[in-house]
Amino acid sequence: MKPVLLLATIIAFLVLNTTLNMLNRWVLGVYRFKFPIFLTMSHLAIGFCILAPVMALPTFRPLHHPTIRKQGRGIAAVGFFKVMNIVLNNASLVYITLSLNQIIRSAIPVITAGIGVFVENKIPTGPELSSLLLLTSGVVLSVWEGSITGSVTGIAIALSSTLSGAAMLSFSGKILSEKLDVLRLTFYTAPVSVGVLIPFFIFQEAVPLWQHFQQNGYSVLLLILIGAVNAVAYNILHYQVIFATSSIMTPVIGMIKVIGVIVLSAVYLGEKRIFSLRMLLGCALAIAGFGAYSLLQSQRRAHEVGRASAVGSTDEKYLLQRPSSV
């Protein structure tokens, strides 16, 4: 992917992530629609329906059976870990503060790198690991509120969510590298994720949801539909960013977004008073870690492209020099 197109994809990914969070906040907060599991299921199901006509086209139709047969386990793993990441992250916020949640989740790039050794057979170099640790340390310093405390249960749930998120990224990176496009991955993982959520929905939200609709009507469904369109576009771009960069680079971009939100809130929302020397140092460390890792990844990709070109040239030379058979 060309640098300009990659930059545009990343910007669109971050914009859609922001708008999706705002829409969800509007539905769950302003409308007091306290059914996050149903909201997630709706987004996934509507996204599946939106993509279904595309997947029925002659271009895709012959690919479904061989893809599911060959990569079914990986697709199921992505769908499972994706939705567990969401459910566990929301559950952790019942027991711990958002800041502590963000501190724990800032370890996703490092954990993804560790899982990637086994799932993707990608071993990070010493400088790459050092830059990831620098980034993580910067994010921790930036969101640290001082004497943060949390229950053991909440911390354990947040850690489980972080592991699930890292596993989802690693499995996504692996199967996307095996010629599975982002549209099909989004389409295939939706039923898996909905299936995982159904038991949670039945036991926690089914009856209260019916009562809510009886008392308040169905107007909120329009906002859910708009959010679902946003969500399917975001999911496609999320997988595209993983494919275009790497499973590790994607959460690195997400972490630097946290720093961006902190800086923008200070500049535009009148929150400069919350800035301290520790937060400034954290932002600087995170940006330095992000820059260092991005540079190392660029150098690695250039080296891999150069090596592939050299191998191709060697093979071509060998074929030209090889005597033809009679």
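Backbone N, Cα and C define each Cβ position, glycine as well.
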*Looking at 105-124, 185-204, which one does TrEMBL call transmembrane segment?*
185-204
*Tell me, roughly as an integer, the mean pLDDT over the domain 'Sugar phosphate transporter' (8-294).*
80
_Proximity of the transmembrane segment (72-96) to the transmembrane segment (216-237), 3+ C-beta pairs under 8 angstroms_ = no
*Under an 8 Å Cβ to Cβ limit, what residues of the same chain, 6 or more beyond the ends of the transmembrane segment (154-173), are close to it?*
74, 77-78, 81-82, 84-85, 87-89, 91-92, 94-96, 100-101, 104-105, 107-108, 111-112, 114-116, 119-120, 185, 239, 242-243, 246-248, 250-251
*Taking the transmembrane segment (185-204) as the reference, which of 37-60, 216-237, 275-296 gives the largest number of Cβ pairs under 8 angstroms?*
37-60
